[in-house]
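Here is the structure we will look at.
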Amino acid sequence: MISNKNSLENESLIEKNKILKKIEKKDSTDEKNTHQIFDIADDGSQITCYLIFYKRSYIRTTFFVILAILTVGLSLLFFHWFPKLKLKSTHRKVLHINHADRFLILRDDKTFNIVKKDHVQLIDQKGNNYQRVSFQYRFINYLQDTTTQTFQRVEFEMNKNFREILSTMSNGINDKNEIKNRKNLFGQNLINVPVKSYIGLLLDEILNPLFVFQVFAILVWSLEDYYYYAVCIFLISSFAAIMGMLDAHRNLENLQKMARHECFVNVFRNGEFKEISSKKLVPGDVIEIPNNFILPGDFILLNGQCIVNESMLTGESTPVIKTSLPNDPKQIYDILSHKKYTLYSGTKVIQSRFYSGNRVLAMVVRTSFNTMKGSLVRSILFPKPHNFKFYRDTFKFLIVMAIIAVIGFIVSTIFFLKLGVSVSDILVRAGDLITIVVPPELPIVMTTGASFAIMRLKKIQIYCISPPRINVSGKINFICFDKTGTLTTDGLEVLCVRPTSQNKFSSEQTHIDSTFSNVPSKMLHVMACCHSLSRVDGEIIGDPLEIQMFQFTGWEFQEIQSDENTGFDTLISTIVYPPKDSEEKEANSEDVDSEQKSEQNSDDLVIENPDANLALTANNPSTEFGIVKTFDFSSNLQRMSVIVQQTDIQSLELHVKGSPEQIRILCDENSIPKNYSSVLDLYTKEGYRVIALAYRELPEVDLSDLDHLLREEVEKDLIFLGFLVLENKLKPDTKDVIIQLNDSRFESVMATGDNPLTAISVSKKCNLIHPTSVVFLSERRNGKIRWVNVDNHNQIFDLEKNQIINLKDDEISLSDSEEVDISKGETIKKENNLLVSANDIELVIIGEHFFEMKKNHELFEKMLIQTHIFARMTPENKSQLIQEYQEIGYVVGMCGDGANDVKALKAAHIGVSLAETEASIAAPFTSKRQTIQSFVDVVREGRCSLVSSFQAFKFVALYALIQFVGVVQLYLINSNLGDWQYLYVDMFMVLPLSIFMSRTGAAKRLVRRRPTASLVSASVLTSLVLHLILIFGFQYVSLELLKKQSFYSPLEASLDSDNILCYETTTIFLVSNFQYLFVLIAVNRSKPFKKSVFTNRFLLVTIILLVLLSFYLLLFPDSFIRGFMQMEKLDWNFKFILLALCLFHLVLAYFMEQFVTSPTFKKQDSNLRPLDISLFLNKLFKITIYSQMLYQLSYSENI
């Protein structure tokens, strides 16, 4: 158990040393100075890297060149594939960095990079030049720290408080040498994605191992005089390489267009503004922000206000309002936490507001690839390695196939030597076997399923920017949902306000009447003023909650510029006022019906206040307020506030809104009603969102004090005014989708920034947790986290002992309590007299308790497994939550909006952003359909794609085995298949079948089972072995039966010819044609992850045509076809024997795949019954009888 920060640091250091020792052992060196450790921030998480020093060795380089000459450049190809070996073949390790010229960077995720040692030229304070060692890694510069001799990422230091930034950095850079230093350190302010030339990209395609293998295969086939086949494969491979080159070039160009941005900016340097190119900006520069301006870097807004469209980064189309940095000496600026004051690169400033005659100014804090946009671009250029089992097993499977090829080669070599075949011919035949085992269709098969899935998703407005994630989504077993905008609608509707009078709650008010007389004036003023709304082209822009709150009041607001004459001080940027026609109703506003009675709720929590009308009549419709200062909403503080000035009163007021828990802490206790908690629970348990409203007069504050005023100085001793209650309705299909996920055995959780009771209510309504579950909420008591029943506060849950404890008083005294051990099957009674077991216990934890729980690792994991609701979670908390579930073995998906959930969406294995934009880099998947059904659709298509890829790979493997077994048997008699026979099988049979079989669509509903991702599992290997036995068995039996036919004459093999035209080759070719088709039918299962195969018209038509062709080649080939395909003539008797054998093979292969070796087969899901077996035997009997009848008919005709 980790108790403090020091122990955390020690543990981290120990872990790093362990990994370092492993690396040192692996590299077989005792030179500890050869390594350095440094951390990089990649995609929001710390990744440890290890630096190894290398220097050019001229002796090794000489041997490297000689080897390249002796191997005619083949060694260069090998080293191109293994750059680490190339480095070690030309360089040697050195003890000190001063002797090095190359660095080998090893990462924790087992990836590596080789970078060049560089130097940065700098100027000291005296004007003297000096240099520091540096290197660039993934477009980020790293600089050596001269004191620690370690490397650190080059970053602009911003560990200053807000006031220091405004006072010392807001005037820009005035030192020319400092500007030069920063240019050398940070480089040009351009996100310049390098685009290779067409020749370079084509070389990348050609030097790809698969393409090189295909070139090798073409050479082998050419040596065996298979010219037609070799030419066809060459044309297809060349076409694929050219298309890959064009596609890569197009993608890089599109990424560069999206990433690169250069414009002219008005920068403040040396005491004056001047226009320069944005690529010359350096951190610390101060520029002017105009309207309709695309930002060329990350900035701190120093003054004014900006309305920004951030859809490119977040996918959220609603503009957001950015405000200037407050003059606060207590807060230290952090670019991730203080988004409200930060303008991000690539986003567009729709409108910038200025007042008091000032320009809107912002200071550069990050440039180029260091920006938020640059980080996202780097995540596309250098994606996380997909440690997906299916992709890992692909290479393992090829090793298994290679072993089979070696065995076949050994057996063939023995017979070749007996036959007197030359060594050169044996080597060519060995190469031929290798090309058979690794077929040229394999690269296409690996991507076809995902390509079809992406096309289908696009049709339903779901866009994918990371194709490899398609198959990963098929293994998702855990889903984390955001609440607002994901499970519930984006739009909030005001249900009512619950004002107070004389420290008691008044009745609910579901609307504000035209005279504003039914709501206390102070409450009305807070709702009208406490917001940060703005207007763009007449449309109100801002937080949906604030828009609903403001529109509920019926008031209006106007943003004023510096040249407008108003009755306010020039500090005021916005005035708020009631409708102009309200003055006509002023007389009626004081005439309140004395007989009106407040509505009473069934729980008797509403208290009739006889003096409430005094407060209700205090409104003055002619009142206008000016907002003079805004303390922005903070997710950590859970509140926002504004200071306003009334027209006819010089004194100021503070208006505050926020979470009920935080507002209660800040309020004067005398203004809090006694039933505050019970009324709050009344609404939150129904799933409503509750906002607390409060105010305070500020007679001691003057306008001149506002610039240095801290929110902590005024946000205290507030007067509580009441609750604003908003309804956030579930989306129409949310409940049905959650029920479907529950039925499919997905683990689903909610992570929200909302009130825990509201989250509980929404979770019960949508069946995320069972409506009758007993829910325990985390709370801190006596420095520890405990779990309290939300319906019975005298009942707590002991997570460690898995016990429910019934307390006899409010204190935790276990000696005076009753324990119920639900882990032993005991039950407790709920209020409705229903019994509850361990499965009915649900835990809810709030964000601030989440990290405290991590101190006890074992208990933390137990909490994760039993918790389905995480409330009051910040965006950083959500991202951490995703990573924690990944660490305990879940394949995690995240579904949320593109604004606050970007980190979590990027951290998850699969992220689906519900955004109105067509595609963004916020998540691998973006859905324009604002429903969580989109996530289900991604999972459905992922499962379908994974199964299709799995089946297509298995089919191609079996095709290789069929051809391999047949060719090996022909090698034993020094024969082989013909050129056109190979061409027909590969181009006209296997290629279209392997592509079209992946075209079958996804099943409409999810099932409990998940598809396998393992290609080397026991079930798969068993299936292949059994298929191999069947393939060999039927081919062997066919050849043995051939030898017994009267027309048969054995091949007289010649060492000088191909020996293709013979009965053995014809038999193997005809039998294998049916085997390819029947194996595909056997392995191409539809249920439960795909639609019926009959919906795949392309595949059906292809199978029917190929079956007819196979029948034709077997039964009715004319002399021209036989000569063209190099086939011998067979008699009818033997033809029907072969047909019967092939059909029998189909029955056995299908039976085996469906009921014996299927990787998704489970006993409880089996539909195998005695009737099924009898049907198979009946079909087999009919086939045999039918074949015999055909044979007798043909025999009688021959007589």
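Each Cβ is built from the backbone N, Cα and C atoms, and glycine gets one as well.
Just so you know, TrEMBL annotations never went through curation; they're auto-generated.
Lifted from TrEMBL, the feature list:
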type     : residues  : note
DOMAIN   : 54-120    : domain 'P5B-type ATPase N-terminal'
TRANSMEM : 63-82     : transmembrane segment
DOMAIN   : 166-221   : domain 'Cation-transporting P-type ATPase N-terminal'
TRANSMEM : 198-221   : transmembrane segment
TRANSMEM : 227-248   : transmembrane segment
DOMAIN   : 265-380   : domain 'P-type ATPase A'
TRANSMEM : 397-421   : transmembrane segment
TRANSMEM : 433-455   : transmembrane segment
REGION   : 579-603   : region 'Disordered'
COMPBIAS : 580-600   : compositional bias 'Basic and acidic residues'
TRANSMEM : 955-974   : transmembrane segment
TRANSMEM : 980-1002  : transmembrane segment
DOMAIN   : 981-1151  : domain 'Cation-transporting P-type ATPase C-terminal'
TRANSMEM : 1014-1037 : transmembrane segment
TRANSMEM : 1067-1086 : transmembrane segment
TRANSMEM : 1098-1116 : transmembrane segment
TRANSMEM : 1136-1153 : transmembrane segment
* To do: Any chance you could find the range in 198-221, 397-421, 1067-1086, 1136-1153 with the most Cβ pairs under 8 Å to the transmembrane segment (1098-1116)?
  => 1067-1086
* Is the transmembrane segment (1067-1086) packed against any residues at least 6 beyond its ends, judged by a Cβ distance under 8 Å, and which are they? -> 947, 951, 954-955, 958-959, 962-963, 966, 969-970, 977-978, 981, 985, 989-990, 993, 997, 1000, 1027, 1031, 1034-1035, 1038-1039, 1042, 1092-1093, 1099, 1103, 1106-1107, 1110, 1113-1114, 1125, 1127, 1130, 1138, 1141-1142, 1145-1146, 1149-1150, 1152-1154, 1158, 1160
* Asked: For the domain 'P5B-type ATPase N-terminal' (54-120), what are the DSSP-based totals of helix, strand and coil residues?
  -> 32 helix, 20 strand, 15 coil
* Asked: Is the transmembrane segment (980-1002) packed against any residues at least 6 beyond its ends, judged by a Cβ distance under 8 Å, and which are they?
  -> 221, 226, 228-229, 232-233, 439-441, 444-445, 448-449, 452-453, 456, 940-941, 943-945, 948-949, 951-952, 955-956, 959, 963, 1065, 1069, 1072-1073, 1076-1077, 1080, 1084, 1086, 1089-1091, 1093, 1095-1096, 1098-1099, 1102-1103, 1106, 1124-1126
* Would you mind splitting the domain 'Cation-transporting P-type ATPase N-terminal' (166-221) into helix, strand and coil residue counts from DSSP? => 36 helix, 1 strand, 19 coil
* Could you give the number of helix, strand and coil residues in the domain 'P-type ATPase A' (265-380) as assigned by DSSP? -> 22 helix, 44 strand, 50 coil
